[in-house]
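Engineer: Pasting a structure below so you can have a look.
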Amino acid sequence: MAAGGSAPEPRVLVCLGALLAGWVAVGLEAVVIGEVHENVTLHCGNISGLRGQVTWYRNNSEPVFLLSSNSSLRPAEPRFSLVDATSLHIESLSLGDEGIYTCQEILNVTQWFQVWLQVASGPYQIEVHIVATGTLPNGTLYAARGSQVDFSCNSSSRPPPVVEWWFQALNSSSESFGHNLTVNFFSLLLISPNLQGNYTCLALNQLSKRHRKVTTELLVYYPPPSAPQCWAQMASGSFMLQLTCRWDGGYPDPDFLWIEEPGGVIVGKSKLGVEMLSESQLSDGKKFKCVTSHIVGPESGASCMVQIRGPSLLSEPMKTCFTGGNVTLTCQVSGAYPPAKILWLRNLTQPEVIIQPSSRHLITQDGQNSTLTIHNCSQDLDEGYYICRADSPVGVREMEIWLSVKEPLNIGGIVGTIVSLLLLGLAIISGLLLHYSPVFCWKVGNTSRGQNMDDVMVLVDSEEEEEEEEEEEEDAAVGEQEGAREREELPKEIPKQDHIHRVTALVNGNIEQMGNGFQDLQDDSSEEQSDIVQEEDRPV
């Protein structure tokens, strides 16, 4: 038997073929899934306890012997071995190992068990393609806002994998874009910033449940919506000029290039848009241009320009303050860009020492207008020159203001003097009027009061006036060339040639006598005037 142990094998295979052909229609008892390059174990039924002789076959067009527990039968390949004297162990699976395997067990009776081995492969080499606007130097993809982005994912797998896309925005959970067994391509139209994040392609082998995934970051860029803004200012803590350029509202931050105009000399380039210039680089009227560029912005970019100018000062050259009072000195700066820093100094008592706010000095500034208010003026402390200085990196300007401190005026004395002068003038005018008036008339009394008073009206021709008139007549006769003028002036005087003194008195309100007396006086005056005319007619 030992010598001819291998002789009966052909007859056994023929019998097994006939038996298996009738058994296949019964159905399979187990399905085992393995993966390429992995190992798998196929069990012979579900029986526990004492087992008989086991032989494994593979069902192709005809049964193929693989392995038997009979030590006299060698395995078909070294990859095949028995585990626990019943199970078939296959090493390093390949896609060709997939198929139906049959186990024959001979104990008291012969039993047959079938196992279906399925071999899965992959997914391997997932390839993700995202067609976007561009790629950064580090490999990160970016898309311009409002553009179209195409996504595709490919993987080698058996059976073909199920492809699923996942999206995760910043600081949020993942969400699925759906899965498909056949289509692994989709597009996003008019992409927006809220779709910026990580896109993951997941390929799943439904047979082996093995999956692979590839995550790709996609950034959504957009330029600022408005024009850039630039300005100049004094740097804090130093006497330098700071140029600042801003172009806000875009992502990512743009690039800034400062150049000097005209000439195009590059001042500096940075992501911050800030450049520092020393005084040696500055001059009145010089222009600086900021040129901005964005990765998805217009190719020509955008720009803005600043022009620096030195300050000019305007102030009152002289101010006056009364002792104990208050005075305000003003200083106005115009034309300065960037705005100048305004300082107040003394050039007499405290040369080049900046005046600081105190209880006596109040400094206020509104824009480019500054005021210095001095309280409780003192001639010893406050009188003198004050300097208003405008400091700017472009230039320094100074203006001197003279403050004069005086004693307050005596208002009462001034008013008294004016009143005295008015009274003196009135007295002089009254004296002149009294001196040159020929006739005076005083009316005394008031008949309406009904008082019992004696009212007297008196007309008096003094001896002195008569003598003066006679002298004037004699002088007129001497000067023949002045005769005519003297004759014109003579009627204005009332001569008293008859030297008659008339007195009319009204006593106890006798109105009738007063009227008669007044009439007699008028008659006498008329006679005197007629006598004067007759004398004028006589030859001299």
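In case you wondered, yes, glycine gets a Cβ from its N, Cα and C as well.
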Engineer: In Swiss-Prot's disulfide listing, Cys201 is paired with one of Cys153, Cys245, Cys290. Which one?
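Structural biologist: Swiss-Prot annotates a disulfide bond between Cys201 and Cys153.
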Engineer: Pick out which of Cys245, Cys290, Cys377, Cys388 Swiss-Prot lists as the disulfide partner of Cys331.
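Structural biologist: Checking Swiss-Prot: disulfide partner of Cys331 resolves to Cys388.
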Engineer: Select, from Asn326, Asn347, the one residue given the annotation N-linked glycosylation site by Swiss-Prot.
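Structural biologist: Of the listed residues, Swiss-Prot records N-linked glycosylation site for Asn326.
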Engineer: Over the domain 'Ig-like C2-type 1' (31-119), work out the mean pLDDT and round it to an integer.
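Structural biologist: When the pLDDT values over the domain 'Ig-like C2-type 1' (31-119) are averaged, the result is 89.
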Engineer: Report, as numbers and ranges, which residues of the same chain sit near the transmembrane segment (414-434): CB under 8 Å and 6 or more residues beyond its ends.
Structural biologist: none
Engineer: For a three-state summary based on DSSP, what are the helix, strand and coil counts in the domain 'Ig-like C2-type 2' (123-215)?
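Structural biologist: Tallied per class, the domain 'Ig-like C2-type 2' (123-215) gives 3 helix, 57 strand, 33 coil.
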Engineer: If you compare CA-to-CA distances from Asn46 (N-linked glycosylation site) to each of the recorded positions Cys103, Asn108, Asn138, Cys388, which comes out shortest?
Structural biologist: Cys103
Engineer: Spatially speaking, which of the recorded positions Asn70, Asn108, Cys153, Asn171, Asn198 is closest to Cys388 (disulfide bond)? Use C-alpha to C-alpha, please.
Structural biologist: Asn171
